[in-house]
Amino acid sequence: MGVLTDVQVALVKSSFEEFNANIPKNTHRFFTLVLEIAPGAKDLFSFLKGSSEVPQNNPDLQAHAGKVFKLTYEAAIQLQVNGAVASDATLKSLGSVHVSKGVVDAHFPVVKEAILKTIKEVVGDKWSEELNTAWTIAYDELAIIIKKEMKDAA
């Protein structure tokens, strides 16, 4: 179980705010990275099916990527406050949806890599090993809960 320090949570918060400052650009970049890392993942997303490239200014894409980053940010807060990420109705639902869409454990490292690369690009020279560690711990702890909910939903 990962616990985040006040400094790490502050780093996640400030970088999350920077990410949110340009949702169209940053969500597009996130999905571009996902498909560069795992081209086969394209068919998991309705808003990417039948498209030769990641669409610009797609509200569904922006909402999906925004939710991934928001849930990871919220996981960081929970780790600071409670020392753990707690499951809730949203994560239970996500587990079920992920199962129905064909998401498997191997997809989680792809998303993590794309998150980290996106945040690194967003913050530029403010990127640090501590920021990397904070986002990694938050995402890993969130992924553990989502995978558990996927197993329960299967």
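Cβ coordinates come from backbone N, Cα and C, glycine included.
The annotation in Swiss-Prot ties Lys67, His98, Lys101 to heme b, and of the candidates under consideration, Ser14, Ser15, Ser46, Ser128, the one tied to the same site is Ser46.
Counting every protein chain shown, the number of other Cβ atoms lying within 10 Å of the Cβ of Ser46 (heme b binding site) is 11. DSSP assigns His64 (O2 binding site) to a helix. Here the binding-site residues are His64, His98, and the one with the most other Cβ atoms within 10 Å of its Cβ is His98. Within 10 Å of the Cβ of Tyr139 (nitrated tyrosine) there are 25 other Cβ atoms, across all protein chains.
Take the CB of Lys67 (heme b binding site) and look out to 10 A: across all protein chains shown you find 13 other CB atoms. The residues of the domain 'Globin' (3-151), classed with DSSP into helix (H, G, I), strand (E, B) and coil, number 116 helix, 0 strand, 33 coil.
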